[in-house]
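According to Swiss-Prot:
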| type | residues | note |
| --- | --- | --- |
| BINDING | His80, Gly121, His122, Ser123, Gly153, Ala154, Asn181, Tyr288, Glu371 | thiamine diphosphate binding site |
| BINDING | Asp152, Asn181 | Mg(2+) binding site |
Amino acid sequence: MSFDTAKYPTLALVETPDELRLLPKESLPKLCDELRQYLLDSVSRSSGHFASGLGTVELTVALHYVYNTPFDHLVWDVGHQAYPHKILTGRRDRISTIRQKGGLHPFPWRDESEYDVLSVGHSSTSISAGLGMAVAAEREGKGRRTVCVIGDGAITAGMAFEAMNHAGDIKSDLLVVLNDNEMSISENVGALNNHLAQLLSGKLYASLREGGKKVLSGLPPIKELVKRTEEHLKGMVVPGTLFEELGFNYIGPVDGHDVQALSHTLKNMRSLKGPQLLHIMTKKGKGYAPAEQDPISWHAVPKFDPASGTLPKSKEGAQPTYSKIFGQWLQETAAKDSKLMAITPAMREGSGMLQFSRDYPQQYFDVAIAEQHAVTFAAGLAVGGYHPIVAIYSTFLQRAYDQVIHDVAIQSLPVLFAIDRGGIVGADGQTHQGAFDLSFLRCIPNMIIMTPSDENECRQMLHTGYHYQKGPTAVRYPRGNGTGTELTPLSELPIGKGVVRRQGKTVAILNFGTLLPEAQAVAEKLNATLVDMRFVKPLDEALLEELAQSHSTFVTLEENAVMGGAGSGVNEFLMAKRLAVSVLNIGLPDVFIPQGSQEEIRVDLGLDAAGIERRITQWME
């Protein structure tokens, strides 16, 4: 998309923050209007995260206007809201390539720009990293400042509070901006708090406060009275007691869409010592009415027509997604079992649980961004005689690994893990690919791991795992649509048993998961035996021994890291049994996989049918 200087005359003057800081303060509102419109025009043409960025336009402009970035460090939590930041930091003309193969990274990324001081993608990491940067800056002694921007959702995670507790203890110079888009501010409250924020962040108030502390330090009763009086006065208009208790100087809440007032407050706060928290109120989707009214649907969007105010509907005849299949199975099972308890760490819509949460509110728990708690909470439910299901993305299960081992597996508790987004996820890049779950789960004792090849198998495996009471189970399924296979009545599968789909000669393709259609095409061409292994753990050892008697070559196929994955399990078994079979392991390579469409990535990695066939024939030459 070419940049229209006539449509964006103020934004045209700003390629980098250095140029932004040359603008008069009076022109900042106009810049924000143009930046918001440019974001709308760009994302509607290219797809991407949308509503969050619309809500942080004024904050982004104010931060780069006041702080000397990139010398000063600006850390974005998660990064969904950082599109305006990318536009203002030398990437304006490439923003339409975001999330595409070879394009801009979907999140702040260190390799992409000196303004991206921390690569992000998962939530609640900013304050911990920012505190480390602040300590390093103090040791450096050059006056570098550190700012962390975190949302009201991300700040609920335990890691964020751990970091704030540490910051309050060591008292490093750090600003945390809490971007709160869950509330709306009336005009009067907003004006009052904006004025209060400017007073409380000013040098006069800060010096009086610190000076008063020193004078009164020897008079405990008076000091305590003054402290309580200050807290009562501030408590009348600000909800900052929790942050003050953690050792932060709290300012706010203020209107996050008044760029001039925000700049003034930030300028005051830049010189304050110790940990500071600025609480701003914003509107997710600000400036585009459909996104304001439904920010969840407009959080991440495909290409759309801004004039229509609607998102494109799914293609007619498209098969249901695996997430939807899971949600339907939940509904079906809960209707028969009041002890079913479904848990999600803030991924209700993504995991296909929206309708379930409405129909069965007493059996549904959204624990917020708290993956560790989600798993141990499930363990407690299992101890109490209930049947917990943890619905979680593969990439986020990584955050609760110790809980899976310590709180569930060691105790052989019957918790079902419904692992969504297993394998290649696509446009969100390195931080979101589900590349490692089979590897890190396979080594855990007492764990049953299933990999469905289609949506019907997915249902049967969920049913099997749900009724397995000897320990934890995991069903791992991908992002995307099913194959259209017929859904059959639910029944329990025999644990650890695969199915031979095609009988061939010499080569046996052992498929784990939804690459089965590609494997089928290759097996037909090579006259190979094709096995739907179904279980990563336990493996169908009897079937493997039988196949080893009649085949000289095994090819394992999975959308997981080759290192430690399902294929590694096959290798270990063959070596333990001293079976003379050569093995080719096909899966994800030992790299972090960048963004692109799922189809593009599979072709690049040789995981499409042509690539699989090519790798097998070349290996056998």
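Cβ coordinates are placed from backbone N, Cα and C, and glycine is handled just like the others.
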Can you grab the distance from His80 (thiamine diphosphate binding site) over to Asp152 (Mg(2+) binding site)? Cα atoms, rounded to a whole Å.
13
Within 10 angstroms of the C-beta of Asp152 (Mg(2+) binding site), what count of other C-beta atoms is obtained when all protein chains are considered?
15
Among His80, His122, the binding-site residues in question, whose Cβ has the most other Cβ atoms within 10 Å in this structure?
His80
Would you kindly give the Cα-Cα distance separating Asp152 (Mg(2+) binding site) and Asn181 (thiamine diphosphate binding site), rounded to the nearest Å?
7
Counting Cβ neighbours within 10 Å across all chains shown, tell me which of the binding-site residues Gly153, Glu371 comes out on top.
Glu371
Quick check for the class: what is the C-alpha distance, in angstrom and rounded, between Asp152 (Mg(2+) binding site) and His122 (thiamine diphosphate binding site)?
14
Within 10 Å of the Cβ of Asn181 (thiamine diphosphate binding site), how many other Cβ atoms can you find? Include all protein chains, please.
22
Annotated thiamine diphosphate contacts His80, Gly121, His122, Ser123, Gly153, Ala154, Asn181, Tyr288, Glu371, maximal Cα-Cα distance (Å, integer):
32
When DSSP states are folded down to helix, strand and coil, where does Glu371 (thiamine diphosphate binding site) land?
helix
